[in-house]
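The annotation domain 'Heme-copper oxidase subunit III family profile' is assigned in TrEMBL to A:18-283. According to TrEMBL, the feature transmembrane segment maps to A:29-50, A:62-83, A:103-128, A:140-165, A:177-197, A:218-242, A:262-282.
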Amino acid sequence: MATEESDDHGGHHLPAVEDWPRGFGEASWWPFVTAIGGAGFYIGAALFLLGTGEQPLIGSMVGPAVFIASTVVFLVGLYGWLYHAFIVDFWGGEATEHGSPGLRMAMILFLGTEVATFGAGFIYYFFIRAGAWPPAGAELPHLVGSLVLINTALLVASSFTLHYAHVALLNDNRSRFIGLLVATLVLGTIFIGGQVYEYYEFIVGENFTITEGVFGSAFYGLTGLHGLHVTLGAVLIGIVLIRALFGQYSSERHTSVSTVSMYWHFVDVVWIFLVVVLYVGAEFTI
Amino acid sequence: MEISGALLPAIPAQGAGVGTSGQLALTVLMGVFLVAVFLALTRAEDWRTYTPLAGGGYGESGHHVRHKPEGITRWLTTVDHKDIGMLYGLYAIVAFVWGGLAVLLMRTELFTPSMDVLGAVAGGTNAGNALYNGLLTSHGITMLFLFGTPIIAAFSNYFVPLLIGADDMAFPRINAIAFWLLPPGALLIWAGFFVPGLAPAQTSWTMYTPLSAEQAGFGADLMILGLHLTGVSATMGAINFIATIFTERGKNVNWANLDIFSWTILTQSGLILFAFPLLGSALIMLLLDRNFGTAFFAVDGGSPILWQHLFWFFGHPEVYILVLPPMGIVSYVLPRFSGRKLFGFKFVVYSTLAIGVLSFGVWAHHMFSTGIDPRIRASFMAVSLAIAIPSAVKTFNWITTMWNGKLRLTAPMLFCIGFISNFIIGGVTGVFLAAIPIDLVLHDTYYVVGHFHYIVMGAIAFAVFAGLYYWYPIFTGRMYQRSLAKWHFWSTMIGTNLTFFAMLLLGYNEMPRRYSTYAFNADWAPLQTVELLHQAATLGAFILAFGQIIWLVNFVQSWYEGPEVDGDPWGLRDTSLYGREFEWHERRLQTAVTDGGEEDEVATDGGVDETAAEEAVADEQSDE
């Protein structure tokens, strides 16, 4: 989750004298601030739980309030961090590709952890899928329809547009780069919209919810986890797009374009696997 | 194994009046303890401007940019791997104290079958049993996640960059955020004890469902959230270490001459990369089961067995996550007091990698008695027995390293030898448990507890102490008090063996683990023997505690008053065993002496000769 916020890997350019606290080179408040925000998500979630149940210990709005406040702190921390680590240097002409191999490697390692994160959910699904099917007393919703197919096509297409955006950047074709980046973001957003619509259809239309039983848990657990990843990916692409509009990328400076691109392709691959095993695999039995 | 003491038959409650006042007393005690810790911290005069050397601190050697702010700001904003290492160390020691106090309370409760101190504290025997279960859970979680993993991170943060000739970690700020996520994680995990209205989780560290999914009280929810947070922190650290070791090595450090400690950290980080995120997902599923009506681990859903699979797929690599770096410390320190290089260096590295791979293929040996398919059991038994081979390779290499060496029995060396001795007992008892028929007999008895405590206390903690003593001069610029260190070693060694050997014997007597009492009819089993062994274990635990108090006193006092030492406290400079970290330490000392540690002097008097200035610059760079 934090790989993208990687540090500038200091010591190779001038100390960040403008950073906060000022004048101390390496020292920085941003990791601490961001950690407060990040931990705040967990504390907010904990307080939310304390506000539930038959005898809530605290008001039901305390948790969400802390969660929202933490989001603000987290984003401020990330902004300060990224701004001082990456952006400031562009205007000072200091930015190099020096940290690039490390950052790319960190993204690959992060994707390794993602395999494990998704792995637990898929293991659960395979575990129940190997049992009696369809699960006793449960009615599966209509899974494989035009919505899923169109959504899949959109997401696959977005991988291609992002890849060719990167190629265009490497060829110094700026307008094509930005155009394809916008296209990727639009496709990703439509995909998220499609997922929300599907949830709406299932929950309201077919009365198939997360408490439905074993398949409900698997379906909403896996698609929800994937949806969160797509959403994060869309945010990252949005950041890349804004930086691209400010002209911060060139064929020599494109580390975050390539790391975000790796992430997006990974999420795409997970989706294809998910469609094959969770949608098609649940509906059809050989 | 899956049934915790929470399911003990209900014993009529008594002394409810004592309960409220007992709880009050506990709360007050906790408050006094926290205030005392805070006061001690503020009274330690130079904790804010911690400079381990007489003159000059880090990176202040005559450069126009100061690298560290003053006061507490310095510690909150630091991204220096050495500072972060110290923070990890402090954090781990605080956790170690809490985990140790928790287990002392438990051992007191077990001194006799009728002992009911916890009942007196909590108000009633049932509440006492609940408190026992809470302490049991907290002891396990704290020692593994809040002491074990962080204390290893303390060493690896401090020394991996020095040993591989890097300026710092690959991502110094990710390093900082990874640390700062830990204190809130600990607060969430411990919240059940100090937040009124919350009950501590009574799930034991394995959090087996359905118990953990159905247990009332928010303590378990908060613990799950806190564990997830510490898991995120560990994963960030692991990514950072792998990237550091791959991309930040100095010019003359390659894969062939990479030191053994960095090898073990690299392997450990690889294990964390796949183990912790999987636990994270499983924890979220458990949380959803508890609060949002999902069926991931429900009895008629994904089933409790699935939780065990997922948990142990994380849990067994976790054992090696905890033991590999301590093995690295022993492999690193032992040769320096044996006067010989590490015997069979390459094979120690290969065995580390082999353990790393095999550790993902042994998890179901924790589940032999759950009724899983016998064919699965047999294959897991084979791999579990096989993993003993690389462990034995290491053990023989350590012994051969000492063979015919010039042994110097300093405190770090004593702890290394103690490590090997305890590791052999812990390892051999583990081989027995890996065999299905023996496991079926000994499963869920104190034998298992004795076995893994020989590893986690007898081996891991011993190696940690070896590292702490060996590098104490680098941390503080001073030497610890040698006689106190030996007192620490011997009380720890005796305490460990007394406590945990008694537990092995208790296991042979079929004493089940996790119960807060053992009041049973003496006609069924030898109650007297069991009681005697329990008393031995309790006595051993208090000897252990006594030793750790000596250690704390020694370290704190020596920090202020210990004799200052030069860059070669162990007399290794003229040998091939003088490590890169002590070379760095020596350079730092020389720089500090040359410029007197006063940045202004250097800036104004201009009388610094060129070599010293160069060294100052070199040191400056290495500090960044």
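Every residue gets a Cβ built from N, Cα and C, even glycine.
Simply put, out of A:62-83, A:177-197, A:218-242, A:262-282, A:62-83 has the most Cβ pairs sitting under 8 Å from the transmembrane segment (A:29-50). In this chain, the transmembrane segment (A:103-128) lies out of contact with the transmembrane segment (A:140-165); the count of Cβ pairs under 8 Å, excluding pairs fewer than 6 apart in sequence, is fewer than 3.
Within the chain, the transmembrane segment (A:103-128) has long-range Cβ neighbours (under 8 A, six or more residues past its boundaries) at 1, 3-4, 6, 135, 214-215, 217-218, 221-222, 225-226, 229, 255-256, 258-259, 262-263, 266, 270, 273, 277-278. Mean pLDDT of the predicted structure over the domain 'Heme-copper oxidase subunit III family profile' (A:18-283): 90.
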